[in-house]
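*Asks:* Pasting a structure here, questions to come.
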Amino acid sequence: MLVIAGLGNPGKTYENTRHNVGFMAIDELSKEWNIELNKTKFNGLYGMGFVSGKKVLLVKPLTYMNLSGECLRPILDYYDADHEDLKVIYDDLDLPTGKIRLRTKGSAGGHNGIKSLIQHLGTPEFDRVRIGIGRPVNGMKVVDYVLGAFTKEEAPHINDAVSKTVKACEASLTKPFLEVMNEFNANV
């Protein structure tokens, strides 16, 4: 089984904000793979299907970003999945807007959603797809920036990054993640 989780904040207020780019990617995967997100349990919205012969679970935690681990740990337990079955998609301030970077493990890097996951999973060893949202300019506070909407100029870059994320997730169904990581990171 493959569990793909996109991190974000629930509710209309946060739709299409920089911090919710993980949710955007899950929505796109849901459309591409025809997996309806129709279950609400474990503080999450999720759906299950089969893609390329593999059982896939797409998840959007409905906890706030900083509590994402409270949703994903119980889902992994319920479906008898492990951290090695998990791929997490989330925003990254340290990457330029629209760039993606894949990693197999690492620290939280200041991202509270990832910090929560590491705490609840008991390990930093899970696959990640980071989508760059850039850094705030002109003295804007980070919290205001990540909870703000993408500008008209940023939107096409984010749409492209979400498309690349879908392709990376598709590739990881048939190839080892390390191989997918090397392929996609080389083209960043």
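The backbone N, Cα and C atoms fix where each Cβ goes, and this holds for glycine too.
On a predicted model such as this, the values are computed, not experimentally measured, just so you know.
Annotations per Swiss-Prot:
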type: SITE; residues: Asn9; note: site 'Discriminates between blocked and unblocked aminoacyl-tRNA'
type: BINDING; residues: Tyr14, Tyr64, Asn66, Asn112; note: tRNA binding site
type: ACT_SITE; residues: His19; note: active site, proton acceptor
type: SITE; residues: Asp91; note: site 'Stabilizes the basic form of H active site to accept a proton'
*Asks:* Can you tell which of the recorded positions Asn9, His19, Asp91 lies nearest to Asn66 (tRNA binding site) in space, using Cα positions?
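*Replies:* Ranked by Cα distance from Asn66 (tRNA binding site), first place goes to Asn9.
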*Asks:* Quick one: largest C-alpha distance among Tyr14, Tyr64, Asn66, Asn112, binding tRNA per the record, in angstrom?
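*Replies:* About 16 Å separates the two most distant Cα atoms.
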*Asks:* What does DSSP assign Tyr64 (tRNA binding site), in three states?
*Replies:* coil
*Asks:* Compare the C-alpha of Tyr64 (tRNA binding site) with the C-alpha of each of the recorded positions Asn9, His19, Asp91, and give the closest one.
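*Replies:* That would be Asn9, nearest by Cα distance.
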*Asks:* Near the tRNA site, what residues other than Tyr14, Tyr64, Asn66, Asn112 in the same chain have a C-beta no further than 8 Å from the centroid of the listed C-beta atoms?
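*Replies:* Here the non-site neighbours turn out to be Asn9, His19, Thr63, Met65, Leu67, Ser68, Gly113.
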*Asks:* Measuring Cα to Cα, how many angstrom lie between Asp91 (site 'Stabilizes the basic form of H active site to accept a proton') and Asn9 (site 'Discriminates between blocked and unblocked aminoacyl-tRNA')?
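*Replies:* Here the two Cα atoms are 12 Å apart.
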*Asks:* Give me the non-local Cβ neighbours of Asn112 (tRNA binding site): same chain, 6+ apart in sequence, Cβ-Cβ under 8 Å, ordered along the sequence.
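*Replies:* In sequence order, the residues whose Cβ lies under 8 Å from that of Asn112 (tRNA binding site) (at least 6 apart) are Met65, Asn66.
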*Asks:* By a simple count, how many Cβ atoms lie within 10 Å of the Cβ of Tyr64 (tRNA binding site), its own Cβ left out?
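*Replies:* Result for Tyr64 (tRNA binding site): 18 neighbouring Cβ atoms inside 10 Å.
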*Asks:* Taking the Cα atoms as reference points, how far is Asn9 (site 'Discriminates between blocked and unblocked aminoacyl-tRNA') from His19 (active site, proton acceptor) in Å?
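*Replies:* Checking the Cα atoms of Asn9 (site 'Discriminates between blocked and unblocked aminoacyl-tRNA') and His19 (active site, proton acceptor) gives a distance of 7 Å.
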*Asks:* Tell me, how many other CB atoms lie within 10 A of the CB of Tyr14 (tRNA binding site), whichever protein chain they belong to?
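*Replies:* Within a 10 Å radius of the Cβ of Tyr14 (tRNA binding site) lie 18 other Cβ atoms.
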*Asks:* Does anything in the same chain, at least 6 positions from the residue listed as 'active site, proton acceptor', have a Cβ under 8 Å from its Cβ, and if so what?
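*Replies:* Spatial neighbours, sequence-distant, of the residue listed as 'active site, proton acceptor': Gly8, Asn9, Met65, Asp91, Ile133, Val146, Leu147.
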*Asks:* Per DSSP, to which secondary structure element type does Tyr14 (tRNA binding site) belong, with helix, strand and coil as the options?
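*Replies:* Note: Tyr14 (tRNA binding site) is helical by DSSP.
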